[in-house]
Structures are given as C-alpha cells and as structure tokens.
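Heads up: the structure comes next, in structure tokens.
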Amino acid sequence: MNKQPIGFIDSGVGGLTVVIEALRQLPNENIIFLGDQARLPYGPRPASQVRAFTWQMVNFLLAKHIKMLVIACNTATAAALDDLRAKLSIPVVGVILPGSRAALRSTKNGHIGVIATEGTVKSDAYAKAIRSKDSRAKVTSMAQPKFVPVVESNEAHSAVAKKVVAEGLQPMKRLGIDTLVMGCTHYPLLRPLIQNVMGPNVTLIDSGAETVSEVSMLLDYFDLANTDNPNPLREYHTTGSASMFETIASDWMGQAIHADRVTISDLPTDVVTSLPTTVVVASKNAGKVREIAVMFDKLGVAVKSLADFPELPSVQETGATFEENARLKADGYAQALELPVLADDSGLQVDALDGMPGVFSARYAGKGHNDAANNAKLISELSEVPADQRHAHFVSVLALARPGKPDEDLVVRGQVDGMIVGIPQGDNGFGYDPYFYLPAFGKTMAQMTPDEKNQVSHRGDALRKLEARWDGWFKG
Ligand SMILES: O=P(O)(O)OP(=O)(O)OP(=O)(O)OC[C@H]1O[C@@H](n2cnc3c(O)ncnc32)[C@H](O)[C@@H]1O
Ligand SMILES: [Mg+2]
C-alpha cells in the first residue's frame, strides 16, 4: 500500500473530467490537481513550449511527492509523454493511448473520428496510436480550436456553445464515422451538445474515463494502491483565477470545490531534486538489496541495484573503516551513474577476535571466499573461545551520495549485539546470520522472518536513521 498522492495536470479545468472519474473509480486515493489556466490554451502553442510548461507543472507535483503522474491533457500528452517517461521513474499515464484503445473497441465500421486541439491534431498522436494497434483503421482528425475557450469561460451550457459545437462538427458529420474520440479533456463538458450534433449512431469516447482504468491497473501492477484512507486528500491548484476555477469545478463536480492559486513564478523551473524517484543501491549482495528495498518501497521510491548496470566497473573497497568503504562505494557509483546512490558497508565484529572480521567480513576466507567459507573460518577461529565469551556485533554504515557533491554524503550507522554460536540455525537472511544469536529473542538472525530481522538488525537500525534524515538532506 502506498499513501502518496496521484498528481494530475492539465492546461485548465478540462482535466477535471479525468479527476471526476478517478474519484469514482479510486475513492481511496489522495489526489492533487494542477491546471495551468494562466497560459491556456495549450492547443495552438508549439510542442516545445507545451513541453516546457508541462515540466514546470510536473515539478510542482514532484515536490509534493506524487507516486504517479496523470497527464490529463491531450496536447501535453502528445508533446511531453515520451520525455516525461524517459526522465521520471514514477509511472506516467497519458490520455491518448487509453482513448485510442477504447475507440478501437467501439468501432464497427473501422472509421474513427478524432476531435482535438490544433497541437494534438498536428502531432497526429491519435492516428499513430490507433494505427499502431490496428493498421486497417481509418482515422480522421479535426482541430476544434473554439471548444476549449467556450468551456474555460464557463459557457458550456450556453447558446454560444451550441452554435460553436454545431458549426465545428458539421464537416465531421458527413464522413461516416461510427466512433468519435473526444481528444481533449475539456470536450466531455460539451458531451450532450456533441452527441446531439453527431446523432445517436456515433459513439463518443471519453479518453479521460479510459485513462483512469489504466491508472487503476498500474496501481495494482506496481503495488501502489491506497486501500485504506478514510480522509482522502483532494487538492486543486490553478495558475489562473481560483474563483473562476471554483465556479466551473463546483458546478461540474456537483459539490463545493476549493482551489488555491499558484503563480507561474512559483512553479519550479528546474526538475525538482528534493526527493528522487529512483535510488540505486550500490551493492552486489542480493540479501542487502532486498533488506534496503523494503524502506524505499514504503517511501514510494524505486530501487535499482548494481545488477541493473552490469557494465559498470566495480569500486574497490580499500578503506580501513565501514564508513570509508560506504563512502567510496556511494560516491564512486553516484558519479559514474549520475544518480543518487546508497551504499552499505557492513560486517561482523567479534570481541574475542579484536573486532575481526570487520571490514574484511565479505572476504574473510581469502581467495574464493563465499558465505560458507567465511563462516567456516569464523568458527575455526573461535574454536578455543568459550560460548559465553563469543560476543559479537553486526555493524552497517549507510552512505547516501548525490552526483556532483562527493563531500556531502549522508552517513548513518546501525548496530546490533549478539553472540556467535557453534551450530548454524535457520535458513533466512544471508552471510553470518545462521551463527549470529540474539539472546533476547532466543534465535539466530537466520531464524527470523525478514520483518523481524529488519526490526532488530544493524541495517534496519541504520535505515530508520536514514529515513528520518533523508528528506531534509535532499532538500538541504
Ligand atoms: O559490497 P557490496 O557489494 O555491498 O556487498 P558485500 O557482500 O561485499 O558487502 P560488504 O563489503 O559490506 O561486506 C559485508 C559482509 O558482512 C556480512 N554481513 C553484513 N550484513 C550482514 C547481515 O545482515 N547478515 C549476515 N551477514 C552480514 C556479509 O558477509 C557481507 O558479505
Ligand atoms: Mg563488498
């Protein structure tokens, strides 16, 4: 379960058609909406400018820690979806593909009409998406530049709207289409008028509603759904007039809506780096990566490990302390990958062995070392030491590094105390776990479930310290 909000953006109020559907289909989700009414309409603008505006809105939402982004705007989807997907690691959902799929499901004669803004029509995004699924489909697209201004000036129910819609759709009527995609999230507000002009034999496709079905599926797929939320968050922001937004939104959503104004100059111009959406755990030890991923999963941050970057040269662990090695690994990989990197350097310190194996824990057995060989050496070194004098400590030092800032790592240390037993017990965990006995729990670390281990272990201890500080460190 993930309690972070889902972010929705649109050029204006039109994207609320998607939000309304989200409220219906996903009532437990926290929702933040931003409409860029001050710079509306997006339709006639060059794609590069739409992309730049879209990024500003996205940055605003990233700073609010969204777990998924919905581009509730066809023009912005056509201009920016690929770019956003390439650079963000939260799932990004656009409106064009879901709308295209629905149109293909609906059409019987294979001729689909699309009405959209100039930008969307020019991009040919619907025709491309529809034909990529069915190359025989015939798609006729037409720009309707007057529809968005009618909706945004709260005229959707007026005689003006009726005239604009009737005139705009005349050429569409003669084509023999049986399905019409409302390829702009503003258009569903004009739905009765559009249906009236097109007649009962043409099925209207509301891309927004289809989009929410896709959102719902992705929430399940990425295990991001919020299943228990008695007081869901509903936040509405506009770069234009809050009262105008409130009037249209309240009328349309059938309830009083409160909106906040965000001035354009307050929209971040750079990609927000306050909290990353992906962290690379710089470890080749799968056991460690599994334990660390638990915390980031909870924070909604995607985790990659060195296994995802097989070409990367290894950083040598030449330090004399856990901290030195953790920093070497975190900094080395962060500079190479240009991503935030978390490294763990950890090990076992046995009092009777003067703190050995310590930083040599992974390679204690020397050449050809592995867990079994390391454990065998440990037991042989301790063969003369009585059971009640085998005090030992697991230590984990975590270093979090950002590219370009090697001197500013966030470093935390966790520890757990126990005893080394002569007979291994338990199959969980990794490394020295079957020999590390915790008297207070009456079992070894390898007899604990992953959850239990995380609650008592050196790494769990360090991760909790990291979690408490990492937000401030990133923003600082
Ligand atoms: O350096 P990376 O790639 O992260 O993986 P590694 O296994 O080499 O990791 P270290 O250099 O930090 O060495 C830590 C060793 O200490 C041991 N160790 C650390 N944490 C442990 C844990 O939670 N349970 C059991 N053994 C652990 C284990 O043998 C590890 O290989
Ligand atoms: Mg190592």
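Every residue, even glycine, has its Cβ placed from backbone N, Cα and C.
Source: prediction; values computed, not measured.
Among the features that TrEMBL reports, active site, proton donor/acceptor is placed at C73, C184. Sequence annotations record features per position, and here TrEMBL assigns active site, proton acceptor to D345. The annotation substrate binding site is assigned in TrEMBL to 10-11, 42-43, 74-75, 185-186, 283-288, S346, 430-433, K453, 458-459. The Mg(2+) binding site annotation in TrEMBL covers D345.
Taking CA atoms as the reference points, C184 (active site, proton donor/acceptor) and C73 (active site, proton donor/acceptor) are 6 Å apart. Residues from the recorded positions list (C73, K284, D345, D433) with a C-beta closer than 6 Å to any atom of ligand 1: K284, D345, D433. The number of other CB atoms found within 10 A of the CB of D10 (substrate binding site), across every protein chain shown, is 33.
A Cα-Cα distance of 11 Å separates K284 (substrate binding site) from D345 (active site, proton acceptor). There are 16 other CB atoms within 10 A of the CB of G287 (substrate binding site), with all protein chains counted.
Within 10 Å of C73 (active site, proton donor/acceptor), as judged by C-alpha distances, the binding-site residues found are T185; the full candidate list was T185, G287, F430, D433.
Annotation for the binding-site residues K284, R459: lowest Cβ count within 10 Å of the residue's own Cβ, K284.
When other Cβ atoms within 10 Å of the Cβ of D345 (active site, proton acceptor) are tallied across all protein chains shown, the result is 26.
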